[in-house]
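Participant: Below, the features straight out of TrEMBL:
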BINDING   A:Met43, A:Gly199  substrate binding site
BINDING   A:Lys119, A:Ser172  ATP binding site
Amino acid sequence: MEAVAETLRAVRQTSPLVHFITNYVTVNDCANITLAAGASPIMADDAREAGQITGLCSALVLNMGTLNERTVQAMLHAGQTANLLGRPVVFDPVGAGASDFRNDTALRLLREIRCAAIKGNNSEISFLAGGMADARGVDAGPESLVTEDNLAENARRARKMAALTGAVIMVSGPIDIVADSREAWAVRNGHAMMARITGTGCMSAAVTGAYLGANPQAPLRACVCAMAAMGVCGELAYEKLRAVDGGTGSYRIFLLDAMSKLDAETLAARARVERLEL
Amino acid sequence: MEAVAETLRAVRQTSPLVHFITNYVTVNDCANITLAAGASPIMADDAREAGQITGLCSALVLNMGTLNERTVQAMLHAGQTANLLGRPVVFDPVGAGASDFRNDTALRLLREIRCAAIKGNNSEISFLAGGMADARGVDAGPESLVTEDNLAENARRARKMAALTGAVIMVSGPIDIVADSREAWAVRNGHAMMARITGTGCMSAAVTGAYLGANPQAPLRACVCAMAAMGVCGELAYEKLRAVDGGTGSYRIFLLDAMSKLDAETLAARARVERLEL
Amino acid sequence: MEAVAETLRAVRQTSPLVHFITNYVTVNDCANITLAAGASPIMADDAREAGQITGLCSALVLNMGTLNERTVQAMLHAGQTANLLGRPVVFDPVGAGASDFRNDTALRLLREIRCAAIKGNNSEISFLAGGMADARGVDAGPESLVTEDNLAENARRARKMAALTGAVIMVSGPIDIVADSREAWAVRNGHAMMARITGTGCMSAAVTGAYLGANPQAPLRACVCAMAAMGVCGELAYEKLRAVDGGTGSYRIFLLDAMSKLDAETLAARARVERLEL
């Protein structure tokens, strides 16, 4: 688990700057969890400056939560700049599958930007797999939550998508899957309360941006650690919540608290990550 | 009070999806209170997808807090789709009366979209009444807060507006009024602290969207219950706040906590709703 | 310290309305801290209504956190209206120096709008000084944090910038500087935790808007008090945080709590403000 500890320490020691083009619903949570993780966020979503801001940063996070034509243009500019400069791009295709505009945008971003990590729930990842399927023979597969029963099947699909895209594929759910083209990992941290507040998915992508920004040489490990870190914080927040008999408002606060106090030892001790034999 | 309990249970059992086109100030609170109420929020404010997203949802909430031409177009698309599909629309005319742009937009939305519920403070509702008055003979009436002294007068006006618009009219204040064309109810829940944080009005509209989405067959009852639920949570939050000697930051968190833990029994026991004899 | 107490009391007694054109990252925090300070916020960022909304307000806050062409136009309209009507304008040049778009916008706003207060960290203020320097002979000076070692030098620069712009210059950092053309003050309140959450800078500008709106006749004093109030609340929040062993999520909540409960006596007793002999 030394590798896990090292990954987290790199974030806190280098404090990478992360550029976000993200939705206005959870943007404050993304900024605060990025700071809590030990990195620094900067939000800028106009094409006039998006590329230049990316140039200052160690990583770029693109989140489709609330799209419009202006921000799509900014995403393209920023993503292409990141690709040119070799900075990792995290793509969170929020709501892919829900409208033509989102679907077209998701597939366009996939075509025009090379991502270091793509993170979504199983339904979003399934949509992307299906979209690639038309052209390239990937099976879209099941859209249900990842469980022990379908874990192997979903992990194999993630590995295939990783091979096609060059990105680490992160499927969030009760069990998270994190895969590159060679390896697939299961992360069994987290708590059901995380689904009862808005933004935990967006925050996972934010933390991934922070971890990748500080560990660009080891993207798979950075993504596994980011997922585990979010999950562990979800557990720690629930333990705190039970002690004060709170609800979802407090849970969100305790999640941020936990991330800001998470140390390498706790993460290494509590992370339940397993390399899958497929 | 069995009807109250049934209304809340329907939200938690059916978990309706609610589409929001709303301001960026309180959008996170709207998303989190919607989840806390037992429903699921989706935000999408571009005309390219607004109608399609509404088509996936059980209710639509339109909030004018921070308008621009792009979001007005999205509101029109989404509202018309909701009308076509028979999905309830909640309209929150935030700041109506404050600028020509808001005023024109509010009256345009009222003309072009059939709302299931219109929720505002007395000043906003008075503006709408005045705007309709020009054309249709409704008296704009008093703009002050609703108190016991002017309750009957305001309730009669709400009932008249309900008859003209076909919507349930919800006037928020120290005493809330909820009226359709036949009945008017007073809701005497809530706490003065609710006015010391931003977003309680927007959150009331969000909860109304959740309740209407799960109870489309009984709109007046859904709106009365939504107002009572917000008010009861405002009271519960204040009780918690006093115990910890907190301020407005904590109050907002405790309000979300209370909504996420509210059960039918508590709502039925604490709701202070009265059908007015006018 | 009677003047300090009087300044805060004026906010709570007159409850000035403050118009914000600000970023979508911290806008909710700005709204809530404004309410906590005793004023009322209104957000409106479309040129169709920005001027008219400013006309209703006692102060205007312009924050460049997430710029786009639409909001720049709204800032120009609102700023010019505020100038015409003699309402104080607070300018927060977030990220000045980070992109051409921000830089051009910052300098354009400075040229076209007369500000009552300009608040930034030392890097942002240095950028503005440099931008003015090209044309007018101001030395851009050091970009590092303000410390006891460079305090006098930075304070002199702030006084010079104040003379050129007519604005009170507020440099935030471990030591804050607040200066008009004649006097410079150091504010030694605050806590390092304030830098670990997003929005404390934006919230300082918001509180400045509230204080200036209620005390337009004494802008320097209003700005010193606003900076001291934020700093004292940062300290009070940290004391609370230690008692509950919380993290950054709780810290943000306690900061809002502290502002909502701050009274003139506490502010006067804890403010560590010093007029500098330069």
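Cβ coordinates come from backbone N, Cα and C, glycine included.
All annotation found in TrEMBL is predicted automatically rather than curated by experts.
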Participant: So how many other Cβ atoms are close to A:Ser172 (ATP binding site), meaning within 10 Å of its Cβ?
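Facilitator: If we count other Cβ atoms within 10 Å of A:Ser172 (ATP binding site), we arrive at 28.
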Participant: Give me the non-local Cβ neighbours of A:Lys119 (ATP binding site): same chain, 6+ apart in sequence, Cβ-Cβ under 8 Å, ordered along the sequence.
Facilitator: A:Val90, A:Phe91, A:Asp92, A:Met170, A:Val171, A:Ser172, A:Gly201, A:Ser204, A:Ala205, A:Thr208, A:Cys223
Participant: Can you tell me how many other Cβ atoms are located within 10 Å of the Cβ belonging to A:Met43 (substrate binding site)?
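Facilitator: Counting Cβ neighbours of A:Met43 (substrate binding site) within 10 Å gives 25.
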Participant: Near chain C by Cβ (under 8 Å): which of the binding-site residues A:Met43, A:Lys119, A:Ser172, A:Gly199?
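Facilitator: Only A:Met43 pass the 8 Å Cβ test.
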Participant: Same-chain residues six or more away whose CB lies under 8 A from the CB of A:Gly199 (substrate binding site)?
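Facilitator: Counting only residues 6 or more apart in sequence, the Cβ neighbours of A:Gly199 (substrate binding site) under 8 Å are A:Val25, A:Thr26, A:Asp29, A:Cys30, A:Arg252.
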Participant: Should A:Met43 (substrate binding site) be counted as helix, strand, or coil on the basis of DSSP?
Facilitator: strand
